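The next block holds one structure in the form of structure tokens; read it before the comments.
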Amino acid sequence: MLSDDYLQQLTASLTSDAACDGQPARVFTLSNGNGLTATFMDMGATWLSCTLPLRCGRREVLLGCRTLTDYQRQTAYLGATVGRFANRIGNSRFSRNGKVFSLLANEKTHCLHGGPHGFDKQRWQADQCSDSSIRFSLSSPAGDQGFPGHLTLSVTVSLNESNQVIFDYLAQADEDTPVNLTNHAYFNLSGAESGSDCLAHRLTVNAQRYAVTDSEMIPTGELRAVAGTGFDFGKGKPVRQDLLLDADQQLAGGYDHAFVLNDEAIGSGTAVELISGDERVSMTVMTTKPAVQIYSGNALAGTPGRDGCYQQYQGIAIETQYLPDSPNHPEWHFSDAWLIAGDSYQHTTCYQFDFE
């Protein structure tokens, strides 16, 4: 159970340190009439906290750090907005119309979540529109981490009376460039600081295919049917039920794979559902994106939390996105991440919470 001054303590601890630019973080809390709160900071447009007013007491369901210093040293991308391209681009390069673009590598030879100084490490302009809405905006110059084109983007987050936290992404560029934005929140619906892992959570993913990856988590190009594998979450099952069953999982230490969403799951349909082990909290994810990365927190051990360090599998990330490495797979027409100059990148992801 959280203390009455939990959010005040959280804000105070996060604003006591200076960020890489010498200034403290700016922290904003959204709330609705039901008592749900969602807290964010301008560094990385990061989702810091999400508390739910259960009958048994207030519950924090989002993993996070206690101080800004810890946020800057952790490598799990806790709650951050990642880009310019979420997930991995193999060998940090891609080509377009015969021109090869080389990116800055930050995971072996590959580019992960936009590079070593991606959007998660930048200070966004933040404007709180109301008690229930905030807009983050950023300008990414041409050549940023190696990506072509000057990109202007915004993420507007709103909280409504249906207990939905909604992320609206908007971007435009003056040159063709791949864009793949997501939020890297980790959820533990049983309580982020409860000490329990997420393996008892019941997960449903509305997908019939997933992207097979190699030993360095780069897609091979094969989109394999989930039927008959540990990747089949179509009817819902505990995360632990088939954990490490498949060779693909064994390479990753668990789930860290992109699922191709079924057509009916894109838009207003349910893409993902997650239910806590005690069944007191459920979260439904809806998105306009064509895929979702399910990451079971395989490498979370040692990540600084609010009270000590997190353990392996203590949080699960549900990252709505285009397929990883899609700029190198033009055959994936449904997952074309290229933003054409003059067009707009517009996507929405909604997290709906139900609790008792």
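Cβ atoms here come from the backbone N, Cα and C positions, even for glycine.
According to TrEMBL, the protein carries these features:
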type	residues	note
BINDING	Asn87, Arg88, His184, Ala185, Tyr186, Asp256	beta-D-galactose binding site
ACT_SITE	His184	active site, proton donor
ACT_SITE	Glu319	active site, proton acceptor
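Distribution of TrEMBL features across the structure.
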residue	record	contacts (Cβ under 8 Å, 6+ apart)
Asn87	beta-D-galactose binding site	Leu112, His113, Asn180, Ala258, Gln293, Glu319, Gln321, Leu323, Pro324, Asp325
Arg88	beta-D-galactose binding site	Glu107, His110, Cys111, Leu112, Met217, Ile218, Pro324, Asp325
His184	beta-D-galactose binding site	Ala76, Tyr77, Leu78, Gly79, Ala80, Thr81, Val82, Ala86, His113, Asp120, Ala317, Glu319
Ala185	beta-D-galactose binding site	Trp47, Cys50, Leu62, Leu63, Leu78, Gly79, Ala317, Ile318
Tyr186	beta-D-galactose binding site	Leu62, Leu63, Ala76, Leu78, Gly79, Gly297, Leu300, Gln314, Gly315, Ile316, Ala317
Asp256	beta-D-galactose binding site	Met217, Gln293, Ile294, Tyr295, Ser296, Asn298
Widest Cα pair spacing in Å over the listed beta-D-galactose contacts Asn87, Arg88, His184, Ala185, Tyr186, Asp256 is 18
I want to verify one value. Collapsing DSSP to three states, which class is Tyr186 (beta-D-galactose binding site)? strand
